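Worksheet: one structure, shown below.
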Amino acid sequence: MSSQQSLLDGLNEPQRSAVTHSGGPLLIVAGAGSGKTRVLTHRIAYLLAERGVRPGEVLAITFTNKAAAEMKERIENITGARVANAMWVMTFHSACVRILRREGNRLGYPSSFTIYDSADSQRLMQLVCRELDLDPKRYPPKSFSAQVSNLKNELVDYDTFAGQAQSDQERKLAEAYTLYQRRLHEAGAMDFDDLIMVTVNLLHAFPEVAEHYRRRFRHVLVDEYQDTNHAQYELVRALVGEGGPDAVVPPAELCVVGDADQSIYAFRGATIRNILEFERDYPDARTILLEQNYRSSQNILTAANAVIARNAERRPKNLWSEQGDGPAIVGYVADNEHDEAAFVVGEIDQLTDDGVCAPGEVAVFYRTNAQSRVFEDVFIRTGLPYKIVGGVRFYERREIRDILAYLRVLANPEDTVSLRRILNVPKRGIGDRAEAMIELFAARERISFAQALRRAEDAPGIATRSLKAIREFVALLDELAGLVPDSTPAEIVEAVLQRTGYLSELANSKDLQDESRMENLEEFVQVAREFENTFTAPLAEDQEEAGPEEEAGEPTLVDFLEQISLVADADQIPDADEHGGVVTLMTLHSAKGLEFPVVFLTGLEDGVFPHARTLGDRTALEEERRLAYVGITRAQERLFLTRSAVRSAWGTPAYNPASRFLDEVPKELIDWRRAESTIAAVSSRPRMPSVPSRGRPRDVPTLSPGDKVTHDSFGMGTVLLVDGAGDRTKARIDFGADIGEKDFLVKFAPIEKL
Ligand code: ATP
Ligand code: MG
């Protein structure tokens with residue numbers, strides 16, 4: 001068979017020329033669903049099959065780990081060879097971790113460095129700000145965290161920033177950035193942004209390292225290029241190399257694909273500059289446009305085109321589809337968010353009953369995670385199988401974070417944030433005061449927190465009881481560390497749960513929530529087991545060069561932690577299983593690159609989507625509009641657009657007008673199932689939403705202390721106090737360590753007694 005023919009079958013003319021192009025840089029810019037990702041996949045297969053490229057020479061960057069896995073699988077399907085392991089198909093972050101594990105020691109990082117996620121790094125910033133005695137009202141640590149992240153995405157290091165700082169705010173930020181970075185380095189840790197920035201610095205500072213990777217990666221391909229930030233852009237440049245007369249290695253072949261209209265991460269430092277100016281930065285680049293959309297019916301495409309056309313500063317595109325008009329877009333105005341959720345569930349029920357689609361072919365999108373809660377309620381009530389992508393993620397739950405902190409300390413004893421998290425968890429009598437004394441001692445002696453802990457005897461001001469507890473804690477850590485070399489990750493997890501007393505503390509608790517915590521921990525042991533079963537060791541460099549044969553390596557604790565750190569929200573998308581799969585609920589941001597036969601785009605209200613924060617800001621509004629374009633273009637056959645006349649926000653009803661994006665969809669495309677809310681029609685005065693049309697009426701619960709409740713936004717809580725009577729009843733509810741205690745007027749609070 002001619003493999004070349006089969007590789008190019010199922011591609012249109014411009015797609016083919018993109019797949020077969022060789023030589024200089026290649027930019028493929030095209031609208032949603034025009035086959036950009038498909039072209040990348042086929043191009044890789046073509047390189048391997050027709051151009052004699054070895055798998056080890058390919059670096060393909062995808063937006064999520066899940067996309068990477070899918071791409072590998074698709075390439076394997078095409079090439080039929082087991083090549084996936086030698087090829088680097090991964091996210092920017094994963095690729096950088098690999099490089100840094102090998103080379104990071106040149107910049108003083110241990111090869112088992114810890115990766116701090118955003119919660120860890122915010123915690124560290126808090127500690128740093130406290131250490132610098134910064135007033136949290138004037139210099140909020142959260143905002144400092146975000147600003148440091150932006151600086152890193154722009155590759156501005158703390159020295160440079162300190163040199164430019166002018167205002168008092170900037171000078172304080174520079175101080176915090178500097179100390180934050182020092183503490184990270186001392187802890188042998190990197191935050192997410194460091195992964196990219198440190199790799200770029202490394203490639204710039206050590207030409208031999210850059211040369212090594214340039215020799216290795218002769219083909220660099222990047223999907224979703226519009227969302228690369230400046231640091232990632234420089235990373236690609238450094239890996240590809242400049243070429244020119246002095247270059248030891250000629251530049252790699254670079255192929256990037258993207259759609260400026262889908263750039264939705266400006267808030268994370270992504271910039272469409274990368275795509276708009278690609279041609280300027282790579283003067284010999286060839287640009288290929290794709291105009292035929294293969295994903296969506298024409299109605300959906302027309303709607304998407306009409307919405308995105310409202311953005312200024314964009315290149316007009318001419319996307320068309322051969323799929324025919326398809327069914328009309330369905331619109332629905334709900335009375336309130338419960339009614340909206342009930343409508344969505346009712347429609348899904350109907351579609352699956354009629355055999356139009358399976359649950360796994362349906363996605364429900366919303367602007368912010370908080371909106372998922374109401375949907376979840378209705379899905380649970382009706383028994384429709386669903387999965388939430390993002391939201392309170394499994395790995396963000398308190399008990400999982402606690403155990404992860406133990407594991408991280410075992411992998412890297414200097415990891416201060418993790419160490420301080422578990423210092424007194426479970427409670428062992430090391431109080432805040434003892435912790436503060438250790439911190440002071442560490443600062444005075446210029447040693448790390450971990451080292452200070454081991455010398456606690458020398459630290460002044462620590463009570464004898466605390467000293468004993470600290471000694472026992474250190475001994476416990478040493479005992480656990482002794483197990484690490486000869487145990488699998490799952491065995492280590494189990495040992496931590498048992499020997500720290502974490503599990504028995506939960507088991508002895510009467511709190512219902514602790515029961516579900518135990519279930520989560522059980523699930524976590526399962527995660528570790530699955531990891532062991534599916535683990536394939538990354539090949540050593542020389543093996544990669546040699547070919548795809550596998551060498552089975554034992555999964556280590558560091559491998560396990562790395563995998564967990566790199567799981568992105570969008571990686572929790574369920575696979576359609578044999579039972580027809582489950583409905584996917586996700587934010588619009590996680591939806592990029594995906595497609596579903598049936599899509600519900602919900603919460604189309606000004607103030608919800610577009611987000612309230614963006615209403616007065618033209619640039620921010622344009623980004624919201626791109627998000628709308630992303631959402632609409634995920635749909636293949638059917639699109640539903642819904643909004644709610646009333647939405648309760650923090651216990652008070654909010655009346656939002658229809659989203660401007662809804663008005664931007666041509667009228668004739670929408671078939672309104674209900675064009676106006678009955679509530680809005682009857683009364684324009686704010687009042688509580690009436691009974692949802694399909695769901696159960698929400699009773700005003702009678703509460704007493706000790707009762708368990710769920711709150712739409714805060715989750716499960718325990719009633720502490722009840723005050724007043726009737727409509728004026730107030731309750732104080734404890735939602736656990738992360739959210740804390742909150743007071744409510746029971747009548748208006750979206751709570752239900754369990
Ligand atoms: P997005 O911008 O949303 O990431 P994309 O441009 O990457 O979209 P793909 O996901 O590659 O688009 O393709 C969209 C759909 O169209 C996929 O189901 C893909 O298999 C299909 N497709 C692409 N090109 C062709 C083609 N030439 N013939 C048939 N189907 C195609
Ligand atoms: Mg794509």
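Any Cβ shown, glycine's included, is placed from N, Cα and C.
Quick look at what TrEMBL lists:
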DOMAIN    9-297  domain 'UvrD-like helicase ATP-binding'
BINDING   Ala30, Gly31, Ala32, Gly33, Ser34, Gly35, Lys36, Thr37  ATP binding site
DOMAIN    298-593  domain 'UvrD-like helicase C-terminal'
COMPBIAS  683-694  compositional bias 'Low complexity'
REGION    683-708  region 'Disordered'
Long-range Cβ list for Ser34 (ATP binding site), cut-off under 8 Å, min separation 6+ in sequence, same chain only, gives Leu290, Glu291, Gln292, Asn293, Tyr294, Leu319
Over the domain 'UvrD-like helicase C-terminal' (298-593) the mean pLDDT stands at 86
Close in space but at least six residues away in sequence, with Cβ under 8 Å from that of Ala30 (ATP binding site), the same-chain residues are Lys36, Val257, Asp259, Leu289, Leu290, Glu291, Lys317
Three-class DSSP assignment, Ala32 (ATP binding site), comes back as coil
Among the binding-site residues Ala30, Ala32, Gly35, Thr37, the ones with a Cβ under 6 Å from any atom of ligand 2 are Thr37
Apart from the site residues Ala30, Gly31, Ala32, Gly33, Ser34, Gly35, Lys36, Thr37, the 8 Å Cβ neighbourhood of the ATP centroid comprises Asp259, Leu290, Asn293, Tyr294, Arg295
For Ala32 (ATP binding site), the same-chain residues 6+ apart in sequence with C-beta under 8 angstroms from its C-beta are Asp259, Asp261, Gln262, Asn293, Arg295, Ser296, Ala304, Leu319, Tyr629, Val630, Thr633, Arg634
